[in-house]
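Trainee: So Swiss-Prot has the following annotated:
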{"type": "SITE", "residues": "Thr45", "note": "site 'Part of a proton relay during catalysis'"}
{"type": "BINDING", "residues": "Thr46, Ile205", "note": "pyruvate binding site"}
{"type": "SITE", "residues": "Tyr108", "note": "site 'Part of a proton relay during catalysis'"}
{"type": "ACT_SITE", "residues": "Tyr134", "note": "active site, proton donor/acceptor"}
{"type": "ACT_SITE", "residues": "Lys162", "note": "active site, schiff-base intermediate with substrate"}
Amino acid sequence: MRRLEGSMVAIVTPMKDGAVDLRALRELAEWQLAEGTDGIVPCGTTGEGVTLTPAERADVIRTVIETVRGRALVIAGAGSNATHEAIESVKLAKTLGADAALVVTPYYNKPTQEGLFRHYQAIWEATRFPVVAYNVPSRTSVDLLPETVARLAKAGAIAGIKEATANMDRQVQLVEKVGKDAIAYLSGDDFTVLPYVACGGHGVISVIANIAPRAMKELVVAARSGDLAGALAKQAAMAELNRMMFVETNPGPVKAAVALLGRSGGELRLPLAPVSEASLAKVRDAMVRFGLKLA
């Protein structure tokens with residue numbers, strides 16, 4: 001298995017007139033590769049995976065894999081709050097040739113820690129494919145605790161975790177209970193890349209990399225190489241732009257930002273609505289101040 005590390009983009013899913021725009025997706029993926037991105041993660045939260053049909057998800061993942069052609073990691077979004085559906089999604093990712101699958105904790109039905117353990121264990125037993133668990137309690141109302149992560153790692157059921165709690169004490173606990181390099185630790189928060197890496201993280205699955213991939217790659221490289229001053233300067237420079245990516249619900253602002261770069265339309269799928277004019281102005285101003293060239 002390839003090492004799951006570096007600067008990865010939670011890539012948006014371009015849409016046009018209500019349909020997935022695969023041509024624009026290919027162009028975005030090629031641009032990411034040219035900018036040095038280490039991995040592409042299609043069909044995640046930012047990629048609106050939950051509102052894609054099964055056929056659309058397959059098309060998106062296949063398009064990314066065919067475009068990348070082994071030049072970067074592909075970690076396919078494959079989560080569900082039904083274990084049997086998650087298993088089928090992971091099987092699809094495996095069949096299509098992804099490097100791993102990103103599997104969010106089951107949402108809405110609020111399983112216990114034992115339920116979470118059995119969920120990921122069942123996926124591993126049915127697929128024998130590398131899974132990155134995705135812990136984002138702010139969206140799922142479920143928190144995958146370090147003790148459970150340690151059980152899963154010991155059982156070989158997960159290859160990594162995308163941790164989106166923005167809690168550095170949590171990352172310290174994970175390293176303590178699971179082991180420094182036992183699994184891949186990937187930040188799910190662009191705001192905390194530097195401290196996350198300093199606490200044992202191996203990289204990030206990033207939203208802002210959709211519009212500033214080279215800047216995010218440089219931040220990750222600086223943080224991982226121990227260039228504290230350089231990494232701190234890069235993290236601080238991104239702060240406002242990071243905040244504006246969440247001025248409304250993700251991926252609304254980042255899709256609007258991608259459109260402002262002229263790289264695809266900013267169309268969203270319901271129930272997500274376009275960002276307001278006021279929010280769009282904030283996003284545009286932050287992009288200009290960061291030095292991005294608008295279309």
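Glycine too: its Cβ is placed from the backbone N, Cα and C atoms.
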Trainee: Over all shown protein chains, what is the count of other CB atoms within 10 A of the CB belonging to Tyr134 (active site, proton donor/acceptor)?
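Mentor: The answer is 28.
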Trainee: So, in DSSP terms, is Tyr134 (active site, proton donor/acceptor) helix, strand, or coil?
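Mentor: For Tyr134 (active site, proton donor/acceptor) - judged by DSSP and reduced to three states - the answer is strand.
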Trainee: For Ile205 (pyruvate binding site) and Thr45 (site 'Part of a proton relay during catalysis'), determine the Cα separation and express it in whole Å.
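Mentor: Their Cα atoms are separated by 11 Å.
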Trainee: Run through the Cβ atoms and count how many others sit within 10 Å of the one on Tyr108 (site 'Part of a proton relay during catalysis').
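Mentor: So the Cβ neighbour count for Tyr108 (site 'Part of a proton relay during catalysis') comes to 8.
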Trainee: To the nearest whole angstrom, what is the C-alpha distance linking the residue listed as 'active site, schiff-base intermediate with substrate' and Tyr134 (active site, proton donor/acceptor)?
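Mentor: Taking the Cα atoms only, the residue listed as 'active site, schiff-base intermediate with substrate' lies 5 Å from Tyr134 (active site, proton donor/acceptor).
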Trainee: Would you mind reading off the Cα separation of Tyr134 (active site, proton donor/acceptor) from Tyr108 (site 'Part of a proton relay during catalysis'), to the nearest angstrom?
Mentor: 15
Trainee: Between Thr46 (pyruvate binding site) and Tyr108 (site 'Part of a proton relay during catalysis'), how many Å separate their Cα atoms?
Mentor: 19
Trainee: Including all protein chains displayed, how many Cβ atoms other than that of Thr46 (pyruvate binding site) lie within 10 Å of its Cβ?
Mentor: 24
Trainee: Given a separation of at least six residues and a C-beta threshold under 8 Å, show me what packs close to Thr45 (site 'Part of a proton relay during catalysis') in the same chain.
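Mentor: Set apart from Thr45 (site 'Part of a proton relay during catalysis') by at least 6 residues yet with Cβ under 8 Å, we have Ala10, Gly77, Val104, Val136, Arg139, Asn250, Pro251.
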